[in-house]
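The following features are taken from TrEMBL:
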- B:78-267: domain 'ABC transmembrane type-1' (DOMAIN)
- B:20-38: transmembrane segment (TRANSMEM)
- B:80-106: transmembrane segment (TRANSMEM)
- B:113-135: transmembrane segment (TRANSMEM)
- B:141-160: transmembrane segment (TRANSMEM)
- B:198-224: transmembrane segment (TRANSMEM)
- B:244-267: transmembrane segment (TRANSMEM)
Amino acid sequence: MRQLLIRRLLQTIPLLIFVSIVCFAMIKLAPGDPVLSFVTPNMHAEDIERIRHNLGLDKPAYIQYFLWIKEAVTGNLGYSLVNHQPVTEQILDRLPATAGLMGAALALAVLLAIPLGLLAGANRGRWIDKLVNLVAYVGISVPLFWLAILLIYYFSIHLHWLPSMGMRTIGVNSAFDVLKHGIMPCVVLAFSFLAVYVRYIRSSTIGQLREDYVQIQYAYGSTKRIVLMRHVLKHVLLPIITLLGMSMGELVAGAIVTETVFSWPGIGSLGMTAVRGMDYPVIMGITLFSSIMLILGNLAADLLYGVADPRINSKR
Amino acid sequence: MNRSKWRSVAEELRSSAFGIAGIVILILFTVAAALAFLSPHDPNALNAIERLKPPSGAHWFGTDDYGRDYFTRALYGGRVSLTVGFASMILATGIGVVVGVASGYFGGWIDNLLMRLVEVVMSIPSFLILLLLSVFLKPSVGNLIIIISLLMWMNIARIVRAETMSLKEREYVLYARASGQGTFGIVRRHILPNLMPVVIVGATNNIASAIMMESSLSFLGFGVQAPNATWGSMLNNAQGLIAQAPYLAVFPGLFILLTVLSFNVLGDILRVGFEPKLVKR
């Protein structure tokens with residue numbers, strides 16, 4: 001276990017360095033001069049040069065990279081070109097909204113996917129399997145923004161049940177209000193996760209049901225329900241760990257479209273605003289943040305998988 | 001790639017109602033998009049009197065807020081979406097196969113280098129890069145195709161690499177090498193043909209994700225620019241008019257769903273057809 005941990009950590013470090021270089025290069029190659037956002041019409045040429053010097057933009061690119069990475073490691077990702085607020089602060093400000101939305105969506109997806117996947121796998125080829133399959137196919141194929149628009153039309157405009165945008169009603173400060181705002185974005189995101197999870201759970205249920213231990217259980221007189229709940233379920237939960245780990249990377253990027261449609265004040269819509277306003281430090285910060293989440297998520301999934309199933313460690 | 005594999009695909013297809021529906025839908029959409037010029041309406045012609053008319057005999061899908069015929073715009077929009085999907089698939093598959101074969105066949109430092117590259121690209125959330133690149137480059141159909149392919153080749157590269165590594169140890173490849181055939185000849189004659197099943201399956205799934213990426217990008221306003229329509233940008237417009245004209249949101253979304261769904265279903269059918277033992281458990 002420890003050996004695996006060390007090896008995976010060692011693999012992760014160069015990956016992180018490369019990703020940071022790519023993030024940095026992408027912003028460096030971007031068109032436009034960041035100094036211009038600080039320039040006002042009555043400035044002199046010396047003033048502009050001084051700003052450039054203060055920002056470190058007169059140094060060669062590799063020195064700029066080291067300066068940037070030195071600051072980034074201590075948690076300083078620079079300042080927004082648009083509102084001059086610290087980038088780290090802005091990301092942390094938005095993190096709870098995104099993490100809450102994603103957490104709720106993932107939980108909903110897993111809770112629905114487990115029974116549906118088990119049922120479909122256990123009744124292979126029957127109508128329930130076909131129905132679940134159809135739902136899963138639609139889930140991986142439906143454009144989420146379209147689903148969002150349809151929900152907004154039906155529940156906000158037609159029935160007036162739910163608010164169509166934002167996270168809170170202005171002046172109202174209650175958990176119920178946030179919940180009401182969050183239902184639709186949560187359902188939209190959960191649907192896309194659900195589709196992926198159901199397909200995994202279904203196929204691993206089918207695989208488990210052919211294992212010898214299942215036959216033995218039947219021979220001892222277990223019913224199908226007991227076999228499913230007591231034995232198959234345990235094995236089926238395993239791939240979910242991996243899937244959840246991989247979903248960490250989706251934390252930011254996966255919610256961009258959904259957050260934008262519902263004007264949910266999370267990191268995704270912060271990124272959208274930054275891209276529209278060419279706010280490079282914010283873009284760079286979000287890209288780096290979500291890449292790190294993705295890498296760490298994959299790492300966590302790998303390690304947890306090893307803990308949950310010791311057979312895997314001995315194979316590597 | 002032998003005939004029996006295609007026969008098993010055909011068999012798999014015939015037994016699946018979804019699969020047949022998928023093929024019919026894709027043929028229908030492709031023909032409709034190709035024949036879009038037959039429509040009596042100009043997709044970009046403004047008509048202030050005919051604004052926001054609901055569907056009728058004259059305008060099958062109604063008209064949008066500029067009085068443009070929505071059916072014609074959906075046809076032209078499909079043209080862009082399908083073109084971007086197919087072209088990105090071909091480019092991405094091309095890159096993926098070259099990288100995968102080079103990596104799997106030569107191994108060593110080439111393999112190490114290429115696979116680290118794949119890992120780095122896969123470690124950055126692709127939709128974020130997609131947004132960034134489409135801001136840097138001017139959004140045109142050509143640029144969109146390049147950007148989307150640059151984010152899609154990694155999966156194919158990985159699958160092809162694994163497949164190549166096992167193929168190059170087969171006896172007929174060893175024999176070909178022993179009999180003095182050049183590397184290029186071996187790859188062309190013995191490796192590539194046997195890669196076809198995995199490549200075709202990967203490519204089919206890639207079209208689906210390319211169309212989805214293009215739609216999302218256009219929906220956010222970073223794809224093909226107005227006045228040209230794509231299904232995604234039509235939905236962007238429809239969102240603002242959802243209270244007055246909900247019918248505008250129905251068709252473009254339905255078309256994206258049906259297209260992507262069909263490619264996903266066909267991808268699965270091809271996979272089962274090519275590898276019946278592996279998948280059919």
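From the backbone N, Cα and C atoms, a Cβ is placed for every residue, glycine too.
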For the transmembrane segment (B:198-224), distant same-chain residues with Cβ under 8 A (at least six beyond the ends): 80-82, 84-86, 88-90, 92-93, 96-97, 127, 130-131, 134-135, 139-141, 144, 148-149, 151-152, 155-156, 159-160, 163, 230-233, 235-236, 256, 259-260, 263-264, 266-267, 270-271, 274
Beyond the flanks of the transmembrane segment (B:20-38) by 6 or more, those residues with Cβ under 8 Å of it: 13-14, 72, 75-76, 78-79, 82, 255, 258-259, 261-263, 265-266
Beyond the flanks of the transmembrane segment (B:113-135) by at least 6 residues, Cβ under 8 Å: 99, 102-103, 143-144, 147-148, 150-151, 154, 157-158, 161, 213, 216-217, 220, 222-223
